[in-house]
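These notes concern the structure reproduced below.
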Amino acid sequence: AMALSGDLWAELPVERRIFCSVLLFSWAVYLWEAFLAHRQRRVYRTTTHVPQELGQIMDSETFEKSRLYQLDKSTFSFWSGLYSEVEGTMILLCGGIPFLWKLSGQISGRAGFGPEYEIVQSLVFLLLATLFSALTGLPWSLYNTFVIEEKHGFNQQTLGFFFKDAIKKFVVTQCILLPVTSLLLYIIKIGGDYFFIYAWLFTLVVSLVLVTIYADYIAPLFDKFIPLPEGELKQQIETMAKSIDFPLTKVYVVEGSKRSSHSNAYFYGFFKNKRIVLFDTLLEDYSALNKEPAEGEDGENEETKSKTK
């Protein structure tokens, strides 16, 4: 049987063997990751008491909430990952990519761009592919946000805000992706035998630029960023940064509470220009939405206290 399989494999055209190899490798990676996730889910199911190592810093109620949340997230990840793998396999087996390329050519042709405008056709292809991916991933995103996150008390979004945010993300992504892709395709087209070197240098520069401008120009399109007010917290952060020679220049608070009650923080920047961003949900006595009381008003009224996180 092994010899027969080897003979059949050898008789396949080279392109068919490459295609099958890519498909098999993709499924092998997925199955390995699914196996690791299955082992972790088993840990979530069987570990019902706080581990000894965490006994001093976590109570039983918090641990149980975290365990159930991670269990639901892991189960969701399994099914969404399986769907994604099956979808990708069906697209490859059914000729979805050639079909989409042909459709892109028809659309660009109707707009007056013939087959010689390969870059235009490629951009139409990319737009249709990302639109398809966004639509097929939408039900999974809705379920994750309004079922799992809602069930565990983390979701803060309304349905209207969710769709508005999704549309904005798609538009912003296309505004960045399409121009960058068109330049990359042009570099590949004129690059000759060493096009891969020029393409690599271009993608490297683009990646560095995007990382640099993301927090200052792209992220504020979705969330409100304000400087962390002067006070003990800011002083402690600056002192800690100096103690480890971290070149901190600014500390911001991002209004993450309108999306989720999860807490988070991150830093970004290059060389001597580093910045720290704190989610407002991370802070107990401060919210980016809170405002200073007007002059003559009692800043310690019950309404203000009830809004304190």
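Even glycines carry a Cβ here, placed using N, Cα and C.
A TrEMBL annotation is a machine prediction, not a hand-curated record.
A quick note: this is a predicted structure, and the numbers were derived from the prediction, not measured.
Under the heading domain 'CAAX prenyl protease 1 N-terminal', TrEMBL lists 40-224. Summarised as a single figure, the pLDDT of the domain 'CAAX prenyl protease 1 N-terminal' (40-224) averages 92.
Residues annotated as domain 'Peptidase M48' in TrEMBL: 227-286.
The transmembrane segment annotation in TrEMBL covers 16-36 (among others). Residues 9, 78, 81-82, 85, 88-89, 92 of the same chain sit 6 or more residues outside the transmembrane segment (16-36) yet have a Cβ under 8 Å from a Cβ within it.
According to TrEMBL, the transmembrane segment annotation covers 119-143 (among others). Panel annotation: around the transmembrane segment (119-143), residues 76, 80, 83, 87, 100-101, 103-105, 107-108, 111, 113, 162, 166, 170, 173-174, 177-178, 181-182, 185-186, 189 of the same chain, lying at least six beyond its termini, place a Cβ under 8 Å from a Cβ of the stretch.
Feature annotation from TrEMBL assigns transmembrane segment to 170-188 (among others).
Distant neighbours of the transmembrane segment (194-215): 176, 180, 183-184, 187-188, 225, 268-270, 275, 277; these residues of the same chain sit at least 6 beyond its ends, with a Cβ under 8 Å from one of its Cβ atoms. Taken from TrEMBL, the feature transmembrane segment applies to 194-215 (among others).
Applying DSSP to the domain 'Peptidase M48' (227-286) sorts its residues as follows: 15 helix, 22 strand, 23 coil. If you look at the transmembrane segment (170-188), the same-chain residues 6 or more away from its ends with a CB under 8 A from one of its CBs are 118-119, 122-123, 126-127, 130-131, 134, 195, 198-199, 202-203, 206, 210, 218, 221.
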